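**Student:** So TrEMBL has the following annotated:
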BINDING   CYS51, CYS54, CYS58, CYS86  [4Fe-4S] cluster binding site
BINDING   LYS88, GLN143, ASN168, CYS172, MET348, GLN352, ASN463, 489-490, LYS512, ASP539, 690-699, ASN774, LYS791  Mo-bis(molybdopterin guanine dinucleotide) binding site
BINDING   PHE766  substrate binding site
DOMAIN    44-100  domain '4Fe-4S Mo/W bis-MGD-type'
SIGNAL    1-30  signal peptide
Amino acid sequence: MNNDRRALLKTAAMAAAGSMVAGATLPVLQADQAVDGLPTGEGLEWNKAPCRFCGTGCHVQVGVEDGRVVAVAGDKAADVNKGLLCVKGYHVGSILYGKDRLTRPLLRKDGKLTEISWDEAIETIAQRIFDSPDTFAFYGSGQWTIPEGYAAQKFMKGGLSNNHIDPNARLCMASAVTGFLATYGVDEPAGCYQDLDECDVLITWGNNPAEMHPVLFSRVTDRRSRGEQVRIIDIGTRRTRTTDAANDYLEMKPHGDVAISLGILHLLIENDNYDKSFVEKHCNFRGDEADTPTLQGEPISEEEFRKRIAKYTPEHVEELSGVPADKIRMLADLFGQHDIRITSLWCMGMNQHTMGTAINSLVHGVHLLSGHFGRPGDAPTSLTGQPSACGTVREVGTLAHALPGGRVVTKPEHREQSEGFWNVREGSISEVPGYHTVKMFEQFTKPTAEGGDITTMFVQVTNPGQTLPNLNALFNDKQGLEDKFLIVSDVYPTATTALADLILPAAMWVEKNGMFGNSERRTQQWFKMVDPPGEARDDCWMTIAIAHKLFEMGHEGMKDKDGAFIFAVKDDAGQEIPVWEFDRYYDTNVDKHLFEEYRQFTTMKHKNLAPYEEYVKARGLRWPVVEQEDGSWRETRFRFSGFDDPFVKAGEEFEFYHSSSSDGRAQIWFHEYQPPPEMPDEEYPMWLCTGRVLEHWHTGTMTRRVSQLSRAMPTAYVEMHLEDAQAANIRQGEIVTIESRRGVCDLPVWIDGRGRPPRGTIFVPFFDETKLINNCTLEAYDPFSKQPDYKKCAARVVKKTTAKVPS
Ligand code: SF4
């Protein structure tokens, strides 16, 4: 038991709960109240589930009585969180019981939402798809469960021969994917959370884990409270709660991270202080092709790398990044020490970046060049914001170009393998990647007559009406779009349902079976524990029901090669179970059927998963999970390291067995620094950065309905530096208008608040649907990952009124 760590998290939880005065909320059990097991009582049953929120993947125990979730507790048996939860996790059960749950399908008729039956809803969707299958798009989520994402993926790519499927994770971690692919030839972190327990130095790159992944961050602060020395170096564009815990704070200009990493690489080479043995044995050097850069790049010699990196002296990096030259030297000196262990941590700051692939690759390169790789505590590690961005998006491959298990649509052999696993006709899968998120919404919001070739879009488990960048261009405008049709499945009314033509009420979290995959390659499973309200239904069921309606209508793609329904599920006697009828959906475990089918894909790129039943027993398992001689299943903590990874050749210390250079080596990349696509000027003199807060999860759809959380953080705000506010005669709490070239947003000012931006920078969280800061953000994206940059654009603050916001 770890009292200090627990105290830290409890303090955060109670601070948030303290301002709550009323509201229907659940009793919260702190983990240490459940001393030797959980409380018992007649009719009270406990079962495990991963937390519904962030990619940390904490486990909770869920207490159910009389068909309702009545309590939650941190799960002591879970390796990720050992009984701890953050303030959101403690209140996760309450998200089911907001007063305005969607409970009936609603169709917009003559501008008014009208209740309709599920039969009519499914028929309406299927007819639109049947009439125009190629102009249909499916927009999904890193909150999709693994079976939900897999069903959507198979429906689109295998059934409709349509690759226009993309997830909201495109907006949060696509650059991490391209960074891993460019460097190692395969996606996802090599290490695991144990790195946080063993590092001597933790570097947070544009990352605020104290608020965004608090249970993970507490692993480090807890070590300090036990007397261990862990140096935290926070590199950021504004001071945050992570800065408060840091030994060093290096404040950079937006985009400065690219220059800083180049500066470290330069000094490691210049001072002859890199790990020559590691580099000679395990690395190549790469650079962009001169004409059309690709993710593959082209090989360059070490000599050429030296030449290209030579200009990134500490002084030049200081000019580009704003970080003093001596701090760049300090970082390079640390990486030059081989007897310490260094973990780099990042999330949206490096991913939501027009040089996202470049900065991800460069930070991997810093670790590879210095040899700070592959030992526990030596790790370049990206985190995910969503609970299954890894499991459902990266592993199931629900991106427009991907297939399950690390396959891609552009490779004939990958299509052939996938068609084989799905038993669909040869040539069913199109070789042309579908539209990525920004392009998909551009095509949906462009009139058909002008080439807007997406006419029907189905959005599941996400809220693009709040999260897309430049909302006025990509979402808000419905002019001239009368023939377009937006279908949204969600649990509560949102900014997206506000414009929907058809709204489907969804089951959520423990109202359905599910599986997630967290940031450390851990696949987690849970069972349905309570019924959803009214007529709300599982998203996975919706996909199967639409597919079956198309099957009945004679759509050839919904038949496999033998003429059977592509989602056919049979009982032990070989009889088909009509799982497309909702009252028969739980006659069997559809998740298990889908997962076992999906599992076949996972051996193709050493992402092996265990049978479903192994996940029922465990609090998640980290892939690759490999069967042992005694029939047990062993997970892997450290990929590519011979001491732990079963796929590294015997006797090898390291092996990058999916190397893009096919020689077992990782790639150390050079990328030239480029300025941001939009910078402050006379007209728009401020940098605008957006992000999240501790209390709310992403768009706040769920957490704003939990009274403790919404009262602790009731409204979005704009953080300003005191001197900027004084110069504009703006006072604390005053409402101002944030303006960019794309839109406006009114917000109260918070001077020297939780986050403290430097002069010339403002920060706005995006959780509040009444204050849509994405009206102002820029849709410019990374050329490889297609992930937009929400962290920097030019804006101005306009004084609106001197009236104070009610406190
Ligand atoms: S929100 Fe994240 S850190 Fe908090 S309890 Fe849930 S999974 Fe853990």
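Including glycine, each Cβ sits where the backbone N, Cα and C put it.
Could you place these features in context, so I can see how deep they sit and what lies close by?
**Tutor:** According to DSSP, CYS54 ([4Fe-4S] cluster binding site) sits in a coil region rather than a helix or strand. Shown in sequence order, LYS88, MET212, HIS213, THR384, GLY385, GLN386, PRO387, TRP697 are the residues of the chain, 6+ apart in sequence, with a C-beta less than 8 angstroms from the C-beta of CYS54 ([4Fe-4S] cluster binding site).
The Cβ of ASN774 (Mo-bis(molybdopterin guanine dinucleotide) binding site) has 29 neighbouring Cβ atoms from other residues within 10 Å, across all protein chains displayed.
The DSSP secondary structure for PHE766 (substrate binding site) is coil.
Over the domain '4Fe-4S Mo/W bis-MGD-type' (44-100), the average per-residue pLDDT in this prediction is 96.
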**Student:** Compare the Cα of CYS58 ([4Fe-4S] cluster binding site) against each of the binding-site residues CYS172, ASN463, LEU694 and report the nearest.
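**Tutor:** Of all the candidates listed, LEU694 is nearest in space.
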**Student:** Other than CYS51, CYS54, CYS58, CYS86 themselves, what residues in this chain have Cβ atoms within 8 Å of the centroid of the [4Fe-4S] cluster site's Cβ atoms?
**Tutor:** PHE53, THR56, GLY57, ASN81, LEU85, LYS88, GLY89, VAL92, HIS213, PRO214, VAL215
**Student:** Quick check for the class: what is the C-alpha distance, in angstrom and rounded, between CYS86 ([4Fe-4S] cluster binding site) and LEU694 (Mo-bis(molybdopterin guanine dinucleotide) binding site)?
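**Tutor:** Distance (Cα to Cα, whole Å): 9 Å.
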**Student:** Among CYS51, CYS54, CYS58, CYS86, LYS88, CYS172, please name the binding-site residues whose Cβ is nearer than 6 Å to ligand 1.
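**Tutor:** Checking each Cβ against ligand 1, the ones under 6 Å are CYS51, CYS54, CYS58, CYS86, LYS88.
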**Student:** Select one residue from CYS51, LEU694, TRP697: among these binding-site residues, choose the one with the most other Cβ atoms within 10 Å of its Cβ.
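**Tutor:** It comes out as CYS51.
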**Student:** How would DSSP class CYS86 ([4Fe-4S] cluster binding site) in three states?
**Tutor:** coil
**Student:** Can you figure out which of CYS172, ASN463, LEU694, PHE766, ASN774 (the binding-site residues) comes closest in space to CYS51 ([4Fe-4S] cluster binding site), comparing Cα atoms?
**Tutor:** LEU694
**Student:** Look up GLY691 (Mo-bis(molybdopterin guanine dinucleotide) binding site) in the DSSP assignment and report helix, strand or coil.
**Tutor:** strand
**Student:** At the level of the C-alpha atoms, what whole-angstrom distance separates ASN463 (Mo-bis(molybdopterin guanine dinucleotide) binding site) and PHE766 (substrate binding site)?
**Tutor:** 12
